């Protein structure tokens, strides 16, 4: 359903116009997250009359909480993309050695992750956010994770990708949701949302979609065949959640 | 329900960040938050600051400033930290004065020059900001070293090191982000102390001191970088040799 025409332009672009055509696995995962933004769009339709009131749109200074949220969000994203590039770097040689047909896929996924890392590197420099203090720890952990899962075989490596990208996708969705709530509040109070934030949310959506594409690739390449699948994925997912929690703080 | 969830998330974050190192997001689109001094404090402090060369960073300067700004002497009670707020005013205004003058300071530094040269120019410029109060700066350092003022002083030092690196266009996103800022903080603090005893014309000795310390830090970080690079190369070469022997790693 396309968003109504009388919405402010920003909100129309924020509403996911294209429905995700997904594999069943991804559909199940996204079922709760794709609904959240659309619900938000409907909620702002009710608030639309208030938005038309101010003649000169102005921008609200960020509160302390919002600045803290944004800096920890950018920091944890940079850390996550760093870890992702290191996981793929460590996985590629053993995996490609055993299964040469995976070379293009691994190269493609690595290229995208390296692009994300460049994006967040420039964002944290631009917005003066400090990088995570546990950088060496995450580097070692990510390399060890990628290398050990690749040694366990193709299915385990793909299960690792699936687990990591599931957590990451959820994490990006949470950030997008919080940003949309921020926008909604600003719009309701008659303030304008700066281009900086429209670009940021666009970047987050693009990267989230690419991460979920990796999740699809992993499932297509027999991630579910890994033994023991439940143990491997739940350990990796718990590790990811712990790393995200820590990186938001230090 | 949705706003309350966001609120809960933000409160949670805020509580967790109380102890974390503050390095807030810097927005270009949305106005910056107001400074740490309100309008009245600003008026009194800027008037009091003119008395510092004569009376030092003292309660005397503060009350003279309050009188000049048209307030009662008793209004200096506004400043619970006493003379330290005058010192902080100096630190904040000098730090914030760097950004508008960035182009002028770095005018003779060519665009191709590396970040260290720009860091040196900016640090020197900030040291020159102490010129007018240099003969009073030892008293200020003594006040800043009092236990209750140490955290605020160190915070200001960290903000200054961050500001200099930002203005110099440093783009490190790895642990060198911390080592660069930590190193500059130590160098800046020692140069400042050196400057209080410097009687050479135009503080030439201080500049030479600053340049020597920065060169030492540069060569140290270069050596660490070389060793790290060598270790990384050797490790990956070793792994590759094993792989070429058919070991499945």
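Quick reminder: no glycine exception, Cβ is built from N, Cα and C everywhere.
All annotation found in TrEMBL is predicted automatically rather than curated by experts.
Residue A:81 (Fe cation 1 binding site) falls within a helix when secondary structure is assigned with DSSP. Per TrEMBL, the feature Fe cation 1 binding site maps to A:81, A:113, A:116, A:211.
What TrEMBL records for A:113, A:165, A:211, A:214 is Fe cation 2 binding site. For residue A:165 (Fe cation 2 binding site), the number of other Cβ atoms no farther than 10 Å from its own Cβ, over all displayed protein chains, is 27.
Sequence-distant neighbours of residue A:113 (Fe cation 1 binding site) (same chain, 6+ residues apart, CB-CB distance under 8 A): A:81, A:84, A:85, A:88.
Apart from A:113, A:165, A:211, A:214, the residues listed for Fe cation 2, the same chain places the Cβ atoms of A:84, A:109, A:112, A:161, A:164, A:168, A:169, A:210, A:212, A:213, A:215 within 8 Å of the centroid of those Cβ atoms. In this view, residue A:81 (Fe cation 1 binding site) is surrounded by 23 other Cβ atoms within 10 Å of its Cβ, with every protein chain counted. Neighbour counts were taken at the CB atom with a 10 A radius for the binding-site residues A:116, A:211, A:214; the maximum falls on A:211. Using the Cβ center of A:81, A:113, A:116, A:211 for Fe cation 1, the list of other same-chain residues with Cβ within 8 Å runs, in sequence order, A:80, A:84, A:85, A:112, A:115, A:117, A:168, A:207, A:210. Between the C-alpha atoms of residue A:116 (Fe cation 1 binding site) and residue A:214 (Fe cation 2 binding site), the distance comes to 13 Å.
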